[in-house]
Each structure stands twice: as structure tokens, then as C-alpha cells.
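Below is one structure, written out as C-alpha cells; the observations come after it.
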Amino acid sequence: MSATKLTRREQRAQAQHFIDTLEGTAFPNSKRIYITGTQPGVRVPMREIQLSPTLIGGSKEQPQYEENEAIPVYDTSGPYGDPQIAINVQQGLAKLRQPWIDARGDTEELTVRSSDYTKARLADDGLDELRFSGVLTPKRAKAGRRVTQLHYARQGIITPEMEFIAIRENMGRERIRSEVLRHQHPGMSFGARLPENITAEFVRDEVAAGRAIIPANINHPESEPMIIGRNFLVKVNANIGNSAVTSSIEEEVEKLVWSTRWGADTVMDLSTGRYIHETREWILRNSPVPIGTVPIYQALEKVNGIAEDLTWEAFRDTLLEQAEQGVDYFTIHAGVLLRYVPMTAKRLTGIVSRGGSIMAKWCLSHHQENFLYQHFREICEICAAYDVSLSLGDGLRPGSIQDANDEAQFAELHTLGELTKIAWEYDVQVMIEGPGHVPMQMIRRNMTEELEHCHEAPFYTLGPLTTDIAPGYDHFTSGIGAAMIGWFGCAMLCYVTPKEHLGLPNKEDVKQGLITYKIAAHAADLAKGHPGAQIRDNAMSKARFEFRWEDQFNLALDPFTARAYHDETLPQESGKVAHFCSMCGPKFCSMKISQEVRDYAATQTIEMGIADMSENFRARGGEIYLRKEEA
């Protein structure tokens, strides 16, 4: 924790400096590689961690080494992870998917924005200083056409996005030759289908079945295709966004870039303060990962924060505004029904979802059914025209472990399953949001209920937190639950930062939350038996046993922290080649002792073998050549 707290002015200046001086940056001893596909423009980025050779013998003067293979890993950092790419936040990222979108011939450019709010913002000269300078003319599906990845998948079409994803999900493991690295324990997948090699056809089939989604708005061509589904790698979402009391556009762009650097597969912009529209434009134009939002937050701002004044018209305008900016998925709290609200009365913590509480208040004040539920088909029509995926929000999720798995929570979940089928009628991609606060013994039921009642649509959970006693450490309490539910089949985990329940996270909090959740997701992949998931672990274990300290740092999820902790006690360069660390010292290092035992055992075996052969030679009379029948 920093000893001195920066002022708001200093925070903004620091963020501005960050984005002004931003360059493509690789992690230590890593390089960006690209694997090309068969379709035009399919060039999939990965990070390759270079390793040092292993000393296997020889003398001090002429040591003998064995090379260690470079380890390819999944990379979410986009152009920010490639030192060869010039970064200019003012111009935004290259439009990777634009040629693919144009080639399909099913979209048209809009001459006029569909949202009245967008028109008003564009006409306001006072916003010129804040507005993103680049111009993206939004697109929409042509009349009678659907432009969703689900629609294409159901038509049997393998899109470039699907091939891109297949290559990405395989993580370059076909490049690994070492049997030591390829070894993997069998997993327990709880019914998940995990093929040894992920093909573009497998991706298409999973999307067509609704078991996976590709969040890829046609107006966010900068994004690199990724997939969310239980038969793929477990993904992690990071939340950013300003509030009425803190954060600025510069800081949110900084947090976006920072999130992708530390492994965010998607980012949700949960801004509730000023300049939501302008902040989101900057984020989208500079994001290589899908961006999600909760549209009800902005709709509420449009009616001055008064939930009772919300209308379908204001909400619809917000959907159009955000869809034409390029938002890839909407969280919609359409399952908070009027009849479910009384079920929360006996809860210890009531309704803790912001979106859920807004809709519950609206329902009670008007004594009408949730207008998101009533207009759900119209929501689907909008999403189908831009390929916005739906993340059906759990507005009645439990906010304490006492309220876990109650009547209200599962009533809403069953309604989300009904809405899923409606969305699929419009070829709209769907995932389901889940809790929340759930003790460990009650977590698996959440997954089984979701699979049964939501027809295997991908599950996306916030944690869940497994205990309520650790404010300041809720990235730990929730990381435990996240690892478990990821193993049981959850497709994406929404990170929790140390600031959960306490305040708006800063840059360091974002990193802490992401590292915690990348650990949880990876642990789940190992437990499920995802092919190739253990390669990096094996490489780390080999480097650890061989005292290749630099390789240990570089293979870590956070190389900088690993190195810093090591160097606190052994900062000298000699510490990087020492066969011990400060934990045990040179005489008590178990791995050093194990190496000595192994070397001793191997030597003794050889010597014993020579002695046995010598005795056998003498017993046979010392003859160099034996008759055939004696041999």
C-alpha cells in the first residue's frame, strides 16, 4: 500500500501520463508471436515465454546444457502486448474485424444515429474537449437480416471469429514436444466436453447449441474474438467505471489497458458518474477485449437518478445508444419480477444488486411487472441487429451467505431460463449471471440448477464469496468460491477486488483482483482436465527443481512480484543462480537435497552394476568370449 495518498489532481495527471506515453510492452523474457489461420486476416496473438537451458553435466570449464522449450500462453493484452505496434490512444486500435464484418454483406452504415441521447451529445459543442476524436460510423443489420455469431453458427457457417477462437483456445500447445511438459493428470469435468484439440467446427457447434457465446458487436471491430462457455478455458471479467464521486476518463482508459495486461478476458464499464457516454466511447475504441455494460445505470442517470421515473422509452434509447457505440454484452435484469420481490423480505441483506434494487423499486412504485420483462422481445430485436449478447442479470442474488440458495434466488434463475429460450428465437447469444455469497457446501447446486433450468447457457458468476468476515480480503474469500464453481462448469468469473464492499478500486486493486481470479480460473481448468492446462505448471516445477530462478519469475502470473519477493532477501545476482532461497537456506533446501539424493542413487546404481558384472566375469573363469550356449 502506498505510504502517501495521491490527490485527485495527481491521480488524473498520473493517468494522463500513462496513456500519453503508452507503448506496446512485453512481459520479461517474453515475445509476441502470431499463429495464422486459413481464413483471411486470422492471425492470433499469443505470448511466448523464453526459458534458459538446463545444466546437465560437463565441467566448470565446459558445461553441457539442454534447451528448454518456450512456453506459449493465452494473451489478452491485444496490441498493448506487442512492442512492434505503435499505440495512440487518441486514434484508438486497429479495426481487426472490420474486413470480416464487411465481407458478410449483411450490414449497412447508419446515416443518422438511432438514439436521441446520442444525437444530443454529438450536437453539444461543450463536449468537444472530452469527446473521442476518431469517427466510427455505426452499422446495423440490413432489413430482415441477423448478424449474430449464433445465427451464423446455426446456418453452419464457420466465421473467421470462430477459427480465431479455436486457435486461441488451443494455446499453441501443439508446439510443445517435451513429454515432461505435456504430462497431465486426468480431470473431473462434471459432464463438460473437452476435446483434445479444439477445432473451428467444435466452436461453431458449441455456439449453435447455445452452450457458448462470442461477444462481438459489429460496432466493436477492434476486439479480438474470444469465447465464453464451459467447454473452453474459464474466463475472467474485470469491472471498471467512474462514479459520481471519483475517477475520470483518463483513469478509466488506464484501468482498461491495465486490465487487459493482467489477463481480463472481458471488461465491464459500470460507470455511474458524469460523461458516461464519452467515457464509454474512449474505452471501446481502445479495447481489444469485449466490453459489457449495465444499461439501467445510464438510463437511471437520464431520469436524474429517480428509479420511479424510469420508462421503457428511456431504456430503449439507452440500448440503441450503447449498441451503436459497440457494447458487446448487456446485463439486463429482466428476471426481477413483481411477485418475487416479497420473497426477499425475510432476507438478512435484502436485494444487493444495484440493477435488481432499481427494478424492484420501479415494480413496487408502479405495482406493474418489470418493464424489461414485458419488453424482452423488443430487447432481443435490438440485440440481434448489432450482435449484442445478453447477460441475464441476477438481480436477486444473495448478498450474504445467510441468504444463499433461497427461494427468491432460484425463482429468478428459472425465469432467466425462460428468457434464454426467447432470446434464442431471435438468434441472440445469452449467458446467465450468478451469485454472489454462497458457502462452499452450497456452491455446486448453483451450477446444477443453472445447467438444468437455463439449458446449458454459459454461467457467469461474481465469485461467489464463501464467507462474509473479511472486508479488505474479499478477493480471497471469493477466489475460493470462483475456483470451485469454475471447476463445476462456470464459464466466466467476475473478479472481486480488495475494495469490494469498501470503495471504488484503483489500478493496484484491479491487478490484485485479476491475479486472484486468473489463479482461480487456471485452477478450475486444471481440475476439469482442460487439455494443455498443466504445461505451464510443469514448466514452472521443472524450473523450480533446477533452480532456474529467472525462469521461475518469468513463468509466474506476476513476474514482477515474484522477483521482488525473492530479491527482498537475496538481491545479489548470485542469488539468481543459488541452489536455495531464503526460506530454507543452503543446508535445508529440500529440492537441493533431493537432487543430491537422486545423483547419489544414480551413481550408486552404476557402481553396484559394475561390481556385479565384475563378479560375474570372474565366476565364469575370466573368459572374454563365451560359447553360445553359455552366454
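Along the chain as shown, residues are numbered 1 onward.
Each residue, glycine too, has its Cβ placed from N, Cα and C.
Swiss-Prot lists ASN239, MET268, TYR297, SER353, ARG354, GLY355, ASP394, GLY395, LEU396, ARG397, GLU433, TYR460 as binding substrate, and of HIS185, HIS220, HIS333, HIS501 the one it places in that same site is HIS333. Counting every protein chain shown, the Cβ of HIS437 (Zn(2+) binding site) has 25 other Cβ atoms within 10 Å. Cβ-based crowding with a 10 Å cutoff singles out TYR460 as the top-ranked of the binding-site residues TYR297, TYR460.
Take the CB of HIS501 (Zn(2+) binding site) and look out to 10 A: across all protein chains shown you find 13 other CB atoms. Whole-number maximum of the Cα to Cα distances across the substrate-binding residues ASN239, MET268, TYR297, HIS333, SER353, ARG354, GLY355, ASP394, GLY395, LEU396, ARG397, GLU433, TYR460: 20 angstrom. For the pair GLY395 (substrate binding site) and HIS437 (Zn(2+) binding site), the Cα-Cα distance reads 13 Å. Taking all protein chains in view, 25 other C-beta atoms sit within 10 angstroms of the C-beta of SER353 (substrate binding site). Each of the binding-site residues GLY355, GLY395 was scored by how many other Cβ atoms lie within 10 Å of its Cβ, and the smallest score goes to GLY355.
There are 24 other Cβ atoms within 10 Å of the Cβ belonging to ASN239 (substrate binding site). Across the structure, TYR460 (substrate binding site) and HIS437 (Zn(2+) binding site) are spaced 14 Å apart at their Cα atoms.
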